[in-house]
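Annotated features, as they stand in TrEMBL:
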type: DOMAIN; residues: 24-146; note: domain 'Calponin-homology (CH)'
type: DOMAIN; residues: 349-667; note: domain 'Kinesin motor'
type: BINDING; residues: Gly430, Gln431, Thr432, Gly433, Ser434, Gly435, Lys436, Thr437; note: ATP binding site
type: COMPBIAS; residues: 694-705; note: compositional bias 'Basic and acidic residues'
type: REGION; residues: 694-780; note: region 'Disordered'
type: COMPBIAS; residues: 729-740; note: compositional bias 'Polar residues'
type: REGION; residues: 823-847; note: region 'Disordered'
type: REGION; residues: 859-908; note: region 'Disordered'
Amino acid sequence: MEDPCGIVRFRDNRVASRKAEEAGLRRYRAAGWLEGMVGPLEIPPQPSEAEFVSCLRNGLVLCNLINKIQPGAVPRVINNHSHRLTLEAQPPPAYQYFENIRNFLVAVGELKLPAFEASDLERDTLESGSTSKIVDCILSLKSFHEWKMYSGGNGSCKFPKSPVALNSSGNFFHTLLPQGLSSADVWACPLVPRTRRQTTKVTNIYPRISMPLLIKTLCERVFSSKENIDQNILASLLSGVSVRFWSSPFAEIMSSSLQGHQVHCSWCLGNVDCNHGQILEAQEKELGGMKVLLSKMRTDVLSFHSQLQSDLTLLGSQVQGLSVSALGYSRAMKENRSLYNMLQDLKGSIRVYCRIRPGFDSEVESSIEFTGDDGSLRIADPSKPKDPQKIFQFNKVFGGTATQEEVYRDTQPLIRSVMDGYNVCIFAYGQTGSGKTHTMFGRSDACGADLGINYRALNDLFEISCSRSDAIKYEVRVQMVEIYNDQVRDLLGTIQIRSCSGNGGLSLPDAALHAVKYPEDVRRLMRLGESNRVLCSTAINQRSSRSHSVLTVHVHGEEISGGAIYGRLHLVDLAGSERVDKSEVTGERLKEAQHINRSLSCLGDVMAALGQKNSHVPYRNCKLTQLLQDSLGGQAKTLMFAHVSPEADSYEETISTLRFAQRVSRVELGSATRNRESNEVRKLREQVEDLKKAMAAGRRGDVQRSEATPPCAGQMSSGNRQAADETPNLASKSLTKQTPLRSRRLSLEGGLSHGRNPLPQARVSEVSSNFPSRVHRRRRVNAPSRRSLFLVSESNPKTGERIQIDAASEDARVLQKYGGGETLEADGGLSWGQPRSRVKDVGSRGSQIRKSLQTFGRLINGDNRSQPSDPGARASRRSSLGEIQCRRRPVSSRRQSVGRCLCHPPDS
Ligand SMILES: Nc1ncnc2c1ncn2[C@@H]1O[C@H](COP(=O)(O)OP(=O)(O)OP(=O)(O)O)[C@@H](O)[C@H]1O
């Protein structure tokens with residue numbers, strides 16, 4: 001809806017502002033001209049009404065002005081005050097300016113120019129628009145001055161006049177007055193009569209001119225005036241004079257006078273030919289249209305707004321739904337990943353992380369196309385753009401921007417499991433210069449953010465040890481060796497070390513094992529190890545490692561509850577594979593490179609055999625694989641870092657590393673076992689020890705009774721040893737022959753009668769789990785709980801039985817009897833193929849035998865699970881088991897000597 005009141009108000013405001021604007025322009029013009037005539041007035045170039053009046057108030061300026069235009073017009077100018085008055089100055093005494101003003105007005109009157117009233121200059125009566133008469137007066141003086149100057153006072157002078165002045169004062173008509181009429185008459189007779197008396201007076205004053213003529217003359221004068229800046233004077237008159245007046249004959253005269261004169265545009269103040277009126281009209285029309293459009297648009301915007309609101313609400317609910325789904329998805333992904341990891345752990349898969357070294361030269365093209373968060377990696381050979389891209393999938397891929405911290409974060413859980421009793425092996429593999437040492441050790445001057453996995457891992461181990469100190473007391477020991485040219489060297493000791501190959505891999509009994517209590521100890525040792533490592537500069541790497549370094553951390557924890565934990569961490573920084581044509585090595589370096597490449601190829605063979613689940617895994621082909629055997633052979637958690645260089649010219653090496661890594665990721669080692677001995681197992685072990693002691697004590701008594709006790713393995717003479725060596729042959733023969741049971745009782749610690757020739761004593765001598773041949777290993781895998789042991793007659797080591805104990809069912813049976821040609825009685829004791837229940841019937845010593853067999857079975861079972869693979873721990877276990885020490889047969893005799901037993905004194 002349009003607001004008519006608003007439009008009217010707008011129009012009124014516009015007219016008022018136009019008027020104020022016009023009055024202002026006239027005032028500025030008058031002030032400018034005054035300054036030019038009488039000198040500076042110290043008012044701004046565009047003075048306000050108050051400022052303008054203030055400088056005229058004492059009449060001095062005006063008197064000086066009129067005297068300049070018409071010399072002698074005001075004969076006596078009172079000049080007590082400076083005419084430079086400002087608005088702030090005190091007004092001069094009234095009598096002074098009154099006289100000046102009065103004289104000025106008289107002089108103006110004599111010149112027949114429009115005048116004003118003295119009161120117009122008074123401050124108190126100063127109102128907006130009241131200066132227009134003063135301005136008119138000054139501008140008419142200006143016109144008069146110019147007229148005098150340019151025409152020498154001849155002809156008629158045209159004075160500018162403001163509409164207000166025209167409307168309210170009759171002074172302008174002085175120029176029109178017939179001869180004989182004074183200005184006083186004019187003053188007394190306004191043009192527009194307001195009262196009846198005034199009308200009469202006008203008629204009286206203008207007896208000789210008719211009103212129509214007067215008005216016509218007035219119109220002519222007004223329109224022909226070039227001085228009047230407001231040439232729209234009539235339009236102003238039309239808006240200022242009452243309707244009643246214009247309906248009079250005056251209006252007719254006016255309109256007839258206006259014929260032939262164009263009403264000037266009130267917008268551009270005088271452009272006769274302008275089309276502002278039409279433009280205004282058109283614009284108003286347009287404005288009307290726009291208003292309609294605006295209201296339509298407003299409606300549209302409102303409907304759009306409400307539509308938008310509802311859309312936003314809908315979108316919000318959809319986004320919320322999406323975010324819930326996304327949350328669920330990420331949770332599912334997390335679960336999937338953890339399940340996948342669990343599956344990997346159960347399968348014992350080797351985890352493979354790939355790390356890409358940042359490029360050294362940004363201008364060199366990279367072969368890495370894409371690395372995904374899900375462990376995918378896409379590479380391409382930039383020199384062969386047509387070749388298809390190759391995609392690999394690993395557990396994780398770290399791009400060139402990955403920090404040491406990020407890399408360690410994904411490794412940390414594995415490190416932590418060492419403290420829970422797992423064996424862990426982390427090794428870095430890759431081409432020379434691809435960043436293996438950087439990952440494992442960090443920079444050579446590493447500190448803080450640059451520290452590699454080795455330092456961070458040990459720091460973490462100490463932290464965990466501190467946080468669990470209430471429940472477990474940990475002991476951490478560190479060993480660091482390198483394999484240089486297929487020789488093992490101790491990096492923390494000075495002596496040359498000996499390595500012993502065994503079934504479980506390579507043992508290094510001489511390598512220095514340092515107990516560490518604080519991270520600083522570790523740092524010191526590692527720095528020492530690093531400094532002892534063989535490094536050299538090649539064309540590819542300034543500090544190329546020429547050896548495989550193996551840092552081993554042994555963690556032993558004693559639980560408050562009595563249990564024990566053993567964990568071992570191998571941190572291996574392999575030397576990098578290198579193409580000797582690229583590394584440009586010769587002489588000693590070439591030999592090193594050949595050794596490195598050979599050992600890495602052996603590692604590849606081992607991985608291939610493990611991947612294919614071959615029965616034979618070629619660990620023994622080099623020292624590196626021997627050393628890693630117990631990590632790769634099962635029961636350990638293994639992680640490989642495959643390092644690649646991004647440069648296009650390393651593409652071939654990158655491909656080969658990634659293919660190797662892919663093969664490794666498919667290797668399943670079987671689930672890792674925890675090396676924890678519970679309190680119960682400990683107690684059982686102690687029981688066995690007590691039993692052994694009791695047996696030893698009994699044996700000593702027998703020794704005292706009989707000097708004929710045969711020497712055991714440790715004490716055997718060469719003749720006896722020879723005899724003992726023959727035993728396995730007998731044993732193997734009897735195994736194959738399956739000797740039938742004969743009536744014979746086996747005496748254990750003298751408790752059982754041995755038929756006619758009771759055996760004074762029998763004791764446990766060998767655990768067959770040490771059989772090294774493949775056949776037996778397989779058997780062990782299939783039936784891990786079954787162990788056999790030999791009961792050997794103390795008096796004659798060539799006689800005895802081999803009894804199999806099934807630890808799970810606690811079943812015991814005689815597998816084999818050898819020597820002496822006697823068999824056990826079926827009804828009284830252990831007999832061939834009899835279940836363990838029969839053991840109960842072996843008489844007064846039966847329960848003791850049964851107990852010892854049970855204990856032994858459990859022990860063996862537990863012992864197998866937690867058997868430490870390092871030589872030191874194995875030795876301690878051996879000594880604690882005393883008489884059940886396992887003896888290995890010479891390698892040459894292994895195949896034929898399956899099941900042989902050796903006897904030895906219990907306290908050896
Ligand atoms: N992720 C990385 N960020 C920054 N620099 C790295 C990174 N990886 C490797 N480097 C730098 O690259 C260079 C070679 O790295 P490094 O010596 O670790 O390689 P390498 O695989 O151990 O080589 P080699 O097998 O010859 O010993 C070093 O100067 C190392 O600082």
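Cβ coordinates come from backbone N, Cα and C, glycine included.
Proximity to ligand 1 at the level of Cβ atoms, with a cut-off under 6 angstroms, picks out Thr432, Lys436 from the binding-site residues Gln431, Thr432, Lys436. Shown are the binding-site residues Gln431, Thr432, Ser434; the one with the most C-beta atoms within 10 angstroms of its own C-beta is Ser434. Taken residue by residue with DSSP, Ser434 (ATP binding site) is part of neither helix nor strand, so it is coil. Over all protein chains present, the Cβ of Gly433 (ATP binding site) has 26 other Cβ atoms lying within 10 Å. Sorting the binding-site residues Gly430, Gly435 by the number of other Cβ atoms within 10 Å puts Gly430 first.
Remark: Lys436 (ATP binding site) has Ala428, Tyr429, Gly430, Ser545, Asp573, Leu574, Gly576, Phe641, His643 as non-local neighbours, by Cβ distance under 8 Å and separation of at least 6 in sequence.
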